[in-house]
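These notes are about the structure you will find just below.
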Amino acid sequence: MMFHSLGLLYLFLYVTLAEDCIDRPCVECRHYIKQDDPCLHHGTKPMLFCDPQTNLIQESSTNFLECVQNRWVLRECVTGTIYESGRGCVDPTIQPFMQGFSVSGSGRVGDVCQYNTDCLSGMYCATGLCSCLSTYILRESYCYEKVNPNQPGCTYDVQCEAVWPGSKCRMDSSIGTCRCPEETHVARETRDGWVCISLRDLSSGGTAPLYFVCALPEGAGFKISLNDPSPSMGAFPVGCTVGSSATIEPVQGLHGGGACMWPSDGEYIGDVYDCIHTSPHINLAEKFPQSNYAPTADGVCCPSRALACIQPQLTGPNPSEPRWWYNSVTGTCQQFMWDSGATEAKYHSPNNFKTIQHCESYCRDTCQRGSPQYSTESAVHSERPITSCAASVSCANDFQCTAIGSQHLCCPTPGSVCSAKGGRPYDIQPRTSIHHPGFMVYTGKESIRFYYDPGTGRCQDFVYKGAGGNYNNFLSKHECEMYCARLQCERGSPLRIGEEAQRCQNNAQCPSSHECKADQGVCCPRKQTICAQPLRIGDCTENVKRYWYNARTRQCQMFEYTGCQGNDNNFDSIMDCQNFCKNAIPEPKCIQGQAYKDMFGNFVTCSNGMGCPANYECYFDGSQWGCCPTKAFTCSLNTDSGIQCGAGSTFKYYYNPQTQNCESFQYNGCDGNSNNFANRDACESYCSVGGCPNGGTPLRDHSGMVMVCGAQQTSCPDSHECIPVLVGNSLINRCCPTRAYMCGLPPQQGTQCGANYVQRYYFNIVTSQCTSFQFGGCDGNANNFLNIQQCRNFCMSNACPAGNVAYVDPNSQMPINCNEALSNSCPSGYACTFNPLINNHVCCGATDSGVCPEAEKAFIDTIDMSPRECLINIEQSCPANYLCRFNMQKNKYYCCSSITGKTCPVGKFLYKDLRTSQPIRCTIGRNDQCPDGFTCQSYLANAFQGFCCTANSVCPDNADYLIDDQSQQPRACTQGTFVSCPNGYACRSLTSSADGFCCKSGTGALPPSVTDGCPPNEYVYLVQGEIAQCDPFNPPNAPCPSEFTCQWSLSNQRYQCCGSNPAPTPQRPSDGCPNAQIAFRDADAVRVCSAGAANCPAGYFCQFSSSNNQFQCCGVSGGCPEESVAFVGMSGEPEKCVVGQSNCPRGFACQKSLAGHHVCCTVRKVACESNEVIIEGECHAQVGPGSECLANEQCTGGSVCEDAKCECRPPLKAVGGFCQEEIQCSSNQVLHNGLCHNKAKLGEACLTVRQCQENSGCIEGSCECKKGFIEKAGKCMTPVEKKSAVSSKSINNGVTCSKPGWNPLIDEEHERPKHCSPIGKACPNGYECQINNRRTQYLCCAPDMSMSSTVSIPSLPPPSTTTTERIMTTKKANLKVCPTGRTPYLLNGAPQKCTISRCPAGYECTYRNNGYHCCSMANKPGLTVAGTTGSVVSKSTPSPDQEKCPRGNPLIYPSTSSPVLCQPGKRGCPVGFGCVQSSTSNNHICCPSRHSDRPGYQSESFGLGAYYSRGPPAAINPCEGYLVLVTRGVNGRIEKRCERSCPFPQIPIGGVCYELKNKAT
C-alpha cells in the first residue's frame, strides 16, 4: 500500500513537471511523459519532444498521448486538425488557436502579437508571440500570477507550487489562498514574503522539533543557522527577536533581544539576515535557560533572500539527490546533485532548491544583487519590497527602479554594490578596508572571494570568513568584472591594457570603436561596436538562455550561452537587446580597410554606386552595402600607427608610394588607415607591387628577395614571364605570374575574417568556365574574382598582351571565337589569338574606350574592363609603349597607345634605348630627355607626352622608309649601286650626298610601277589602269589633265602625262570592308556570313565589319577591274598569271590589273534566267524536292539541299512539288486535291461529290438531290418517305389539332409541333392556337391545304430553263425568307433562324415560307442603303473598310455590301474561303483560302454569283497559308507556282515574289 502511494506521488510529480518543460532546455527536463509510460486514469496529454534544432522541449501540434489500460498510447489527429490541451483535436480554421491578426487585449499564450497590448494581463509580446511574464505561470494558454504562501489570490495549485514546492491553493477562507504543505511544513514571515519551513530532517528522516530551522535548504535548514564560535555563546545559534528593528542589544551580556546582530562584536546584520520564528514557536530563554538569550528572543537568524541567492553551490561528499541552484553570473537556475545526508554544515548552502520553479521564483524574480528597498512598517517582518516605483514612488539614493516581471522594484545600483557599502545602506560598522571579510562561524570555513575597488577600477581578491559581509562579494573575478563593468560602461566591458582599464580624458584617446566615459575615465564600447559583434556562445558547459543582436538580420535572437568567454553582444532578455541595439547598422566588411563612418560613428549605407564620398566606392559584402576605400586611395596613403588599445604593439606592412614597395611599420593596435596589411604578401598582392601588368607579385627566391630575370640573369619558370617592371625610376626585369598561371590555381576558400563567407568566382580549368565558391575573406589566391564577369574578363583574355582584352559579345558577355585562317575575322584593332585555357581562338585587342584620341587604344584593366588612369607628372605611370593622354570630357589622364604601333610623326624614326630596346617616353617641350639628333615628338597635335624621334625626316617628302630586320633601324643605302633597296623602295637622300635611306617609291594605294617612264619624283597619269598617252603637237585631241604635262618617256618610247603629284584615286563608297577590299553584294546588299562557315563565294572571305557591326563577305581587290576580286595564294598576295599560259582556279580568269600586272580575278557576273540562280559565279536551274542540287538556293517548295539532293525536313513531306505537313481533316471535312473542304448541305457550293449528303451529288458546283429524290427538311428522300415523314410529324405519336382537318405547325429544327399560348398572338399568320386532341398542350394549327382546291401552287420554271438557272432560281426562292423590302440576317452565308436564339440588334423574328428567320426591321429610318432596293444593313454590321482579311479581300454580301460573318468550328464559309479573325476587329469573316486566275471565279466556283462577290483578284493572296507565288521559267515557258519562300534575291509582297530593282539601274 505504501509503495502504491509512493507510485501515485511519483506519477503526480512526473506529470506536474512535464507541463512545465515546454521551451526548457532538453537537459533540464527529462521526466516528461512518453509513450508506454504508466498512467492512472483515462485522458489525454500533449506529446512533448526534444527539438534537435533548438535543443528545447516542444509540444507536438498534431500528436498527443492517450491513457489506455494504464499506459500512455501515441495518437495522431486527423489531417487538417491540431491538438489543443483540454479540447482534443480541433479544426484551427473554425476556432483558430493561433490568431492571424491580433486584437488588443485578446491574445493568449502563443497567439500572434505586435504590441504588448495585444496580449492578456500577465503577458508581454516576445518575438511576435504572447508569453507569460516571469512572475506569472502558464496554465491552459493563460497566465496566472505566482502567489506566495499564506497569500490569497490563487486559482490553481501551480500558482502556489511555483513559489514553494508542495504548496496548495486552499479555499478555507472563502478565497483561494496558498498554504504550505500540511503536517510537514510551517509558514514563517519575512520581509520578502512568507516561506515554508520544513520540520523534517532529510538526513535522518526524523520529525523531532529542531527549533533553529531556516527555510533553505529544505530538509537541512537547521544546519545553516548562524553559530558564533565565541565561548560566551555556548555553541547555541544566534537568536533574535522577531519583528524588532533594534540595532543594539537592549540588555548588555544577553543576545537576541533585537534584530539579528553578531554576538562577538555586536555588528548589525539584520539587513542581510532575516529573523524567523523558531519552529515550533518557543521562547529561547525559557527553552534554553543555560544560554545567554534575551527574554524576548524567539527567532533564528537565517540568510536573507538576496544573501542566499549569491551563495555558492555545495554538493556534499555523496551527492545523490537532484536539486537546483541559482547561478548569479548567468542569472539562471541550474541543476546539480546534492548529498542530503551530509551531517556537517560546510556541505550545505541556502542556495539549494527542490524545483526549478522554486529557484526562479526565489532568486530570478528579484533584484540581481542585493536586497530591494522595503517599505517602513512597525514590525520588520511586515515590511515589503516597494513594487510601484515606476508609477508613484521614487527610489532612495543608491537604489534604482528596475522592471522585474510585472513588478518594478527599487534595486541597489551597481555603484552602490561595487563600493565600500556593498549594497548595504545599513552597514554602520566602521572598517578600514573597501571589502567586507565577514565573520567566522562555528561550522564555517574561509574561502577566496573577489571585490571591486572603485579607486583602481579593478576586481581584487580577499579572504572571506564564511558568513556575513556585503554584496561586493563575488565568487569569481569574472563574475565581479561582468557585474561591476556596468559601473564604468553602460553596456559592455571597458577597454583594458592587461589588467588595467585604458584611461582616457576625451574620445581622441580611444579607438573609433569606443568612446571615452569622462566620469570614469575609461574607453567604453559604442553601441555600434557591441551590436556588430558576432555570436559567441562561450567555452563552458552551462546552458543559459540569452539573446544577441544579429546585425545581418537586424533582429534579436535567442541562443544558449555556456556561461563564460562570451562577448558584449549578450543580453539577459529580448527587451534589453531590442532597446539597446535598436536601429544599429552593422559594419560592412570591406576587402581592405574599414568602411566609412559619419560624424556620429555610424556606418554610411549606399546603393547602386551612389552615396559615398571621394576616394570611397559603394561595395556589397554579401549581405549589405557600404562605402569602402578605393584601391588607389589605399595604396597612396602614408603610414598611420593608429591608437593604442590593449597591451603591446605589432608590426604591420604598408605600401610606400614613393619607393613603390611594401615596408613594415609599428602598429599600436587600433584605427589607423586602410594602408595596413598583416603581411608583405597581402600588401604586394593588393597594391600590385612591382608593376606586374596582370597583377600578382614578382617571384622571390628562397631568401625572400625578388628575382631579377633577363638574358644574362636567371630565367623564369613556365608559370611566370620575364617582364620589365618599374622600380622607382628605373625598369628592372622581373618574373611576373602569367594570367594562365593565375587562372589555373585551385580555388582557395581562405580563412574567415568577416561576418560571413562571401560568394566569389574562380576559373575552372577542367570546364573552362567560371564557377562560384565560398570565400572566407582572407588568405586567398589570385584565382579569386568578385563576380563572374571579372573572372571571364581576366581569364578569357589570358592569351592577350598586357593592356589588351578579348572582344566580348555585347549580348552574351562571352568572348567571340574567331578563325585564325580567316583574315580580318576580328573587329578592327583586334587580332585572332589562341587561348590555351579554353582551347579556342579569341579576338585580342582594345579600343579607345572613349578616353583616348582617335586611332589610339586604351590600356584596359582585365579585371573590370576599365581604362587605366595615369598621372602626367609621375614618371613611368603607364606601361611601355603607352603615353599619358588627357581626356577633356572626363577631366582625367589615361594610358593610351597607337593601334597601328605608330609613335612618331610621318617620316620620323623612333629612338629605342640600347639596353632595354624600349622607346623613351618624354614630355613635349623639354630638351633634356632625348639623345642628340632626337627630339620629343608626337604624331598627335597638342599632346603633352611623346617619344624621342629623329629631329629631321628620314626620307624626302616624309615618305615611308624601310626598317632593317637586323638592326631595327632605317636601312641605309648608296645611290647608284646595283642593288641597294628592294622592289618598291628607292635610295633617296635629303641632301646632295649619295648616302641615303631606302624610301618608298610610291605613296598611297598606287603601285610603284605608275612612276615608270616619268622623271624622278613624278607620277604617270592612268586611265582605267592604263597609262594615258598624249600628243604634245595636238593637245586638243590627246590632252593631259591639269597639273600634268605631256612628256617623252625614254623607257616606254612614247609621250605620256606626268605630274609631281599622283592623280587622285576615285573613292569607292564604303561597304564596311577594310581598305583595298571589296564586299560581295547580293542585289546591291552586302552578303552577311557566319565566321568559320564556308558561305562566301570564291575569292571572298568572311570578315568582321566594325562599321556594319556584322560578319560579311569581303575580297582583296588586287587591282582587279571593276568589282571583281583577286585570288589570294599561299603567299598572301594576289596570284599573278600569264594570259593563255597560267591556269587560274575555277571562277577566276587571268585579267590585267590597274597596276599593269596580270592577276587571277573573279569572272564577271553572268545574267541567269528567271528559273536559275547564281552559285559560285555560275547559273544553275532551280529544282524541286527530290532533285539533285549544289546549294539551298536551288531548292524550291520549301526544301533544302542535303547530301546533294533537295529534301523536305521532317515533319514535312513532298506533296505536289511542295514541302507540306501531312493533312489531317476534321470529321466535318473531306480531303480533295490536297485541301480540306467542309461538308456541304443541300444547295451549298461543292467541289466533289464527297462533300454532299446521302442521295445527293455535286451538280455544277452545288449539292443537289439525285434523280428520283426530292428535298424535304434539308434531306433528299423519295416521295413516299416525304409523305410518311409529314404524316409522322403531323400525327406525332397521335397528337393532332382539336379541329378536324387541321394540322399542327412542325418546327423543322426540332421536328416536333410548335407549341403556343392562348394568351396573345403566339402563332404566325394563317395559324391559330388550338388545344391538342388530348387536351394537354396548345399547338399552332392551320387547315390542311392538300384537301383544299383553292391552294395556290408556286409556279415552276418553264421547261426551257437551263439547269444552272433552275438551281439559281431555287436558291433565290430559298433566300426569300423575309417580307418584301426586308433583308435576312446571314450567318455563314445562310439566313439565321430564330426558333432557338434571339435575333441581333436591328433584326426581328419573322415567319415566312414555313419558317422563322431574322429579318431587318421594317420602316426603320437610317437603315435603308442608298442605291439598293429592299436591302437593309444592320448598324452593327461591319463595313468592308472596317473588316480586313490577313491576306486578300473578304467575301462580300452584295445586298449589304458587308463582309460575310462566320463562326469558327460551327458552320464554315463557302469552298475556297476560310473562317478567320479579322485583322481589324474580333469578328470572324470569310477570307480567301486559295487562288484562282479566272475572272468571274465566284459564279463558276461557288454557284453563288447572284449573292456573293469578291474584290479585285489581284489584291487576294494567291496561295494558301504561308506559301507565296513564284514565277519561274520551265522548259522555255513561264510557270507560276506556290512555294515555301521566294528565291534569292526576291521578296514577298502581298503573297507574290518580286525582285526589287535599283532605281539607278
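Cβ atoms are placed via backbone N, Cα and C, with glycine included.
Annotation source Swiss-Prot lists signal peptide at 1-18. Taken from Swiss-Prot, the feature disulfide bond applies to Cys309-Cys363, Cys333-Cys359, Cys459-Cys480, Cys531-Cys581, Cys540-Cys564, Cys556-Cys577, Cys635-Cys687, Cys645-Cys670, Cys662-Cys683, Cys743-Cys795, Cys753-Cys778, Cys770-Cys791. Summarising the annotation, Swiss-Prot assigns domain 'WR1 1' to 365-412. The domain 'BPTI/Kunitz inhibitor 3' annotation in Swiss-Prot covers 531-581 and rests on sequence analysis. Residues or ranges marked as domain 'WR1 4' by Swiss-Prot: 690-737. Under the heading domain 'WR1 12', Swiss-Prot lists 1177-1209.
Within 10 Å of the Cα of Cys770 (disulfide bond), the following disulfide-bonded residues from the list Cys363, Cys645, Cys795 place their own Cα: Cys795. Classification of Cys662 (disulfide bond) by DSSP places it within a strand. Secondary structure of the domain 'WR1 12' (1177-1209) per DSSP (helix as H, G, I; strand as E, B; remaining residues coil): 3 helix, 13 strand, 17 coil.
In the predicted model, the domain 'WR1 4' (690-737) shows an average pLDDT of 77.
For Cys540 (disulfide bond), the Cβ neighbour count at a 10 Å cut-off comes to 15, with all displayed protein chains included. Across the fold, the C-alpha of Cys662 (disulfide bond) and the C-alpha of Cys687 (disulfide bond) stand 9 Å from each other.
The Cα atom of Cys480 (disulfide bond) lies nearest to that of Cys540, taking the disulfide-bonded residues Cys540, Cys670, Cys753, Cys795 as the candidates. Nearest Cα neighbour of Cys564 (disulfide bond) among the listed disulfide-bonded residues (Cys309, Cys359, Cys581, Cys683): Cys309. Rounded to a whole number, the C-alpha distance linking Cys581 (disulfide bond) with Cys556 (disulfide bond) is 8 angstrom.
When the disulfide-bonded residues Cys309, Cys359, Cys753, Cys778, Cys795 are scored by other C-beta atoms within 10 Å, Cys795 scores highest. Cys645 (disulfide bond) and Cys778 (disulfide bond) have their C-alpha atoms 23 Å apart, to the nearest angstrom.
The Cα of Cys687 (disulfide bond) lies closest to that of Cys753, out of the disulfide-bonded residues Cys359, Cys531, Cys556, Cys670, Cys753.
Taking Cβ-Cβ distances under 8 Å and a sequence gap of 6 or more within the same chain, the neighbours of Cys363 (disulfide bond) are Arg305, Ala308, Cys309, Tyr326, Ser328, Cys333, Asn351.
Helix, strand and coil content of the domain 'WR1 1' (365-412), in residues and according to DSSP, is 3 helix, 15 strand, 30 coil. Close to Cys670 (disulfide bond) in the fold, though at least 6 residues off in sequence, lie Pro511, Ser512, Ser513, Gly642, Ile643, Gln644, Cys645, Gly646, each with a CB less than 8 Å from its CB. The distance from the Cα of Cys778 (disulfide bond) to the Cα of Cys556 (disulfide bond) comes to 28 Å.
The CA atom of Cys540 (disulfide bond) is located 45 Å away from the CA atom of Cys743 (disulfide bond). Cβ neighbours within 10 Å of Cys577 (disulfide bond), excluding its own Cβ and spanning all shown chains: 23.
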